[in-house]
């Protein structure tokens, strides 16, 4: 059926403008395209079609609105045309031209011209011709804009598909609407997509199947599907606050480039309040730790993910001093958990100094961080090469998308004011305070606390204020982008004893920022944020205080806070910047009232149409319901926190006070009226005594009279935020529904899932485009924040992008790519949900409380956006103006566990929230046929809403609940079974099914008839949207009340009087409904529900009901034949192999067990095992039985397996049971001649095994670390490495023998950590099942070559006991959970098989979490008695019992008998000697011949030229082998091995054979279920004892490290920095140093060696000729030095460490009277270090800074190297600088060579080095004083001395001259 409207034109329009038309039928609106710049006429010429699921009634209306379109503002209505469709229904076609009417129902000049056509399914109305309505306008792209919110009037009753063909190159493009027309004339409920092409051919068109789209609004084109429409919305229990187990492991590997001189660094790992430290490494800036820490938590997820993980490096920490903090790195745990596989692996954390943000990077710490929750598996990533990991910049510990260089930023959290705080003291305290002080002040002292990135800031305390005003901002300094996702804002009450939280709000930084190219920094508000928590009535012990801390869903409004967030990026180069990161609190200016938006009056209306399922505990007292959305907007019990200036303000100019509240409403039935008679509120229903429904529930007698509530409140008008959120939510809901459809089609293996996916993508594209059109409105609305503007831009960009991507992906969706594209589209859903979550609140949520005895009992919380009204359909809340089922539950922790599963009350409620000025439409969505009852108490109350509704129109129905069967129900009894019955609730009626004893899969096959069910409202409304049905399941106990099992919901298919009871809708199809127990699945119900209207003639008009057919069941009605599935005869063959590991029953051992198989009432019993201990296998292998089963495989009932113990005197005791819920994989399918099958029975083995990772020699040596494969892996070229259990790669080796766990005991719930499913396992049944429809064709019988006794199980080996040699190889364990206080463990291996237990306790490995065992263990066992191998790792303890770290269990029997041949891994090559010798006792030719014989294959035929033929396949390979003496021989073994390595390619019998391998298995501890305690690398070989004995086990003992000696000669130094002043002259300009060089190998600091001192070096030159000798043990494959030493003097034994081979050389300045001064250092990685420079001049700091770019050498290859290397250190600016150069020679020799050619230490014998030729200045002054004086005085002052001597001589001469001149003159004068 379909209705089509051809909108031709609108004429006589006034003015010029853009026009758009809206056509509405049954609530679904279509929009025309926009006609731009139209004058008096708008020619639309568009066709709109509605596929409809029920006949059009003559009284139904069609509405057409013509509007003026505006790109900025809301479209303005021109006029409306409404038409009753009576004439259309009668004639099928009608052309109309009529005038429009305006808002006042007055006719206007504008007229509209339309043509309407209607086609029914039975052809009673004229059928359209194929060519009509196909003229598509040229500018139409082949599809129409439409919203499928309520596309079908009865879309919840049937699956009415809606098919769309995209426009393509065909001559007649078929549009979304067009194809619907001919499609829906067929049976819509069971329409199969295979018919699409046939239907398309009726239009005479060739259609490309790759372009067909199925755009159904409901689900799947199959008559069996899981009902999703009601399951998700009515889950009862919230799990957000439930504690969960988490394990955080941090492996600190090493640190590099730490800033500081001669450091002794320690790394501290801190999570929350827990701290753990590494050991201290002395004198190094590049310490190596490789230390592993584990933190265990049991907290709710939100608490866990908000914890800060901090990694700090501390210098010189010891017992006496706390040390100096070098740098810190921090991130929250949630960031780690959001990473792929929940981990960072081998990443470098950047350290920064939070005390000095200008300092830059303080170093790097390399670490692994992993967060594991219950059930998470940590995958070990592939190990990168050392050089890749040494690329620090490329492997930073940062999430993807975060830049490597993060900047410092200031986060400003501005706190303005708060409103609506609750009372925080009891009324007694208030009275006492009033008595003593004389005034009644507000009893709350609030302040705001903000936590971010591990820091905490607080505002000032505002004393005694319910409306505190702070106007302060809290400033955090953190790196940007921060690695902490959430900011916690909390209002707290200051108290002298203990501050308590009033309310908490989390700000998610991801939602208030965008990191894209056009993104924006985090910004928020100024905006009000609403805080929710416990109820507002104060008690001294608040049982719901956790809710106020933000844990769990808040049950009441607590307060709202005006807050804003801004971020400023800092310029750290600025001189004015404050370098500290301490939190600061500073005052800010106030903001205006209008900054947060215009205050509007909002109106909330609610009607209680039904209140049922009221818990019987509260059913004996009168009950009322209260609705509130704020402390004093509707809140009665808790009282009002009255505003300080509490005077009521009237509405002025559209703005009103935010706090205009009423006084406490004393009487719930009285409404409040203001002075001018204006309405205030009626917030609760009158008290009413419940009426009994059944033994568990009561209901309130809301029959004809339905109570109502209404509340007036004032809020800032920020509806636009909620509107945009609603649009995106609806798009996301539609997308999720469509994706569920696609997954269901794939799951049920129906045809053409790609068509449905194309339809989903089309709907997504149209929805995103529609968002862009609608959201860009109200741009100039008051109170718009920067976040509003940026979010809108961001959302519009995202939606446009998503629309384009959806179109692109749609064209790529093919049959082969549908699963890949489905994953892509699932990402769209996550993006939509993320975008739809609005971070800035506006209107608080609405709370519905049930009150009894003046106490709050149960509540429901309704998001305000869900009930918000809008005139635009897409913007309206999904529950606004609709009747919805609301379930009330217990608040807080009371709602966890079994208490939370009980429905406290089920409401049928109608809610409407909108502006008061729009409230004229608030009753429109109610079921029709009511009268309003108002409590008129004055003049002028014409617009007062009703306080109740009286329904004068009711319909009488009969509900038929066809309860067919349930499966996989919860085990509620100690037997591991249940005695289930179902209780069905509909309206105020309840009925139960019969009780079926001891089953988890009951088949009730029962019809429950509910007669005379009265429902209120119009018939058509009830047909389209009937009330939901609640089905609860209980376990009947002989003593006490029935125990709750689970619950599900359904909606019935409704039939009205005037409808025919027949196809396609009737009789209804059985459907699966998922049963929930709390938030977890607890089974499925297969049922159908129909609601049949009873007319005036009574029940005689209803379809007849067949009477009881089974006299034994009494008056129980069976499910009618038209509804119950069509049955066929099947034969079920059962392979009985044996029973394993049966536990005691009632303290008695199981001795004579038997297996009973039952399916659909028929079954078979195994033979009796006479003595379980001697042989637990069955003597008769195969038995069969015939049974009638549904033809539809999805409806097959479960098959029940029960094991009973036959005891004396004919007693039978149940041991355990198992229910096989799906038999599909056991249905026999004939072997495909061309396919690759591995077994000729019950299904073919899937060869979609994970691709094996082939590792070459280098990789193997790394992966196996220090495992010495003397004759195996180390030298092998190809060994398969399975990163998980071998079973997971080969389908648990269940290719023909399946294992079924047997359960006994009551099942545990999610929150019950004491009991897991593993604890309930009491044994295992081994066997298989094969089922097939009878009669079986003769061809199949002939092909299978039946052995009549074995049925389909041909070529099964015998199950007699067999002796086997089991050889277990344990390589190593990794990441073990610490078991000792010191954070380490002393692990050893325990092997257990049957009664044999091998303990390797004496070979425990001390203090290791990554021990290398390298052990093999041989055990002789007898299958089947000893078949479960347990490999355990224990922790050795000196005192007390040893602790289990973890264990893994392997079922050897399934491996042994598997066709994958898991007994001994198949090598890739065949060799008869050497390390690669063939290990299997059978040669490849023998194995191949045996496989061909078992598979009845032709071959093998060996031919010339290295060829072998098997079946029709030819393989080639070498035919020559070399023996030990080098002689070559001819052999076929290589050829046979080539075939075995490609055995999966062999037709019919081929399957993948297990290769030579190592498997990595998780270790689990029963005390910590679901969380890995480490991993173990191992493999198992098995050899039958009746075969030739295998050779000795290969040696995998750990590689022994090789002894080396490193000889380092320090020849000279140069340009060493001079530190000391010249102490002789005291001249500061003269510097000198007393140089010596220190050296050691990393990890051997205690063995460091020093040269002698080169004293008084004035140039930085030093001469030494000094030899260091470093003996060490080295593992070549791992490139690690092995050191064994005691950790401390108290250690019991030595611990082995593996440390990278690194040589550290340091240069020091010796001081005699103070500590020596560190000058510089260099660290050389002996495996890769830069070649030394030839001369000192060529040596530069680049050799260290650009080490990655320079060629490197390895001393282990080069053996000897000599050159110059630079000494470096960091200066005061933390920049690397050159501190000197050293000329050194490195010579590496083995220990044997060292013994032959010994040398002396320093310059000692043997082979002494020459003494250095040091300058004369290099001496000690007190030993050579004369030399010192000669040098220091003469050398420095010789010219001064010479000049002084010359001057003295001259003075002497002058003195002598003056002395002698008088005498000389006298003599001259006297002539003497």
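For all residues, glycine too, the Cβ spot is worked out from N, Cα and C.
Keep in mind it's a predicted model, so treat the numbers as computed, not measured.
According to TrEMBL, the domain 'C2' annotation covers 1-98, 224-349, 388-523, 941-1066, 1113-1240, 1347-1465, 1586-1740. The region 'Disordered' feature in TrEMBL is assigned to 636-681. According to TrEMBL, the feature compositional bias 'Acidic residues' maps to 655-678. Among the features that TrEMBL reports, transmembrane segment is placed at 1837-1859.
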Integer average pLDDT (0 to 100) for the domain 'C2' (388-523): 84
Helix, strand and coil counts within the domain 'C2' (941-1066) (DSSP): 6 helix, 61 strand, 59 coil
Secondary structure content of the domain 'C2' (1113-1240), with strand meaning DSSP E or B: 10 helix, 58 strand, 60 coil
Stretch with greatest number of CB pairs under 8 Å, the domain 'C2' (1-98) reference, 224-349, 388-523, 941-1066, 1113-1240 candidates: 941-1066
DSSP residue counts for the domain 'C2' (1-98), split into helix, strand and coil: 6 helix, 61 strand, 31 coil
Per-state residue totals over the domain 'C2' (1347-1465) - DSSP helix, strand, coil: 9 helix, 55 strand, 55 coil
